[in-house]
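> To start, I am sharing the structure in question, which I have written as structure tokens.
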Amino acid sequence: MASPVVSLLLVGICALAFVHVARSECCTSRELVEFKMDRGDCEAVRAIENYPNGCEVTICADGVAQLGAYCGQGSCNIFGCNCDGGCLSGDWSQEFVRRNQQYGIQIIKVTRLPF
């Protein structure tokens, strides 16, 4: 009969064999974009009015207004990590302007969050 220490060690080694390499990317970054529009209103791009500057929206890297708490392609855990499909990618505010070029958006200020 093996000692309890050896048995626990063998169980631990076997358990490690089933563990996959984990890479938990967190999708908590976002940008707060303040901008003016030549045409249309703030709601057209899912933004809110920010008087007197124009409009304000929080976007993900793909240039789309943030939906939900995080910027993952799919659902994320409660910390914004391990999102199904990884994080959204793109050129942030540049992508926002490209996607909404029909409104003549002029960026005033961009703040990346978290700092």
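Cβ from N, Cα, C; glycine included.
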> Please work out, from what Swiss-Prot records, which of CYS42, CYS60 forms the disulfide with CYS55.
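Candidates were CYS42, CYS60; Swiss-Prot matches CYS55 with CYS42.
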> If you look at what Swiss-Prot says, which of CYS26, CYS27 makes a disulfide link with CYS81?
CYS26
> According to Swiss-Prot, the disulfide involving CYS76 connects it to which residue among CYS71, CYS83?
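Matching partner in the record: CYS83.
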> Would you count the other C-beta atoms found within 10 angstroms of the C-beta of CYS87 (disulfide bond) for me?
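Taking every protein chain into account, the count is 20.
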> Of the disulfide-bonded residues CYS27, CYS60, CYS81, CYS87, which one sits closest to CYS42 (disulfide bond) when you measure Cα to Cα?
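For CYS42 (disulfide bond), the closest Cα among CYS27, CYS60, CYS81, CYS87 is found at CYS60.
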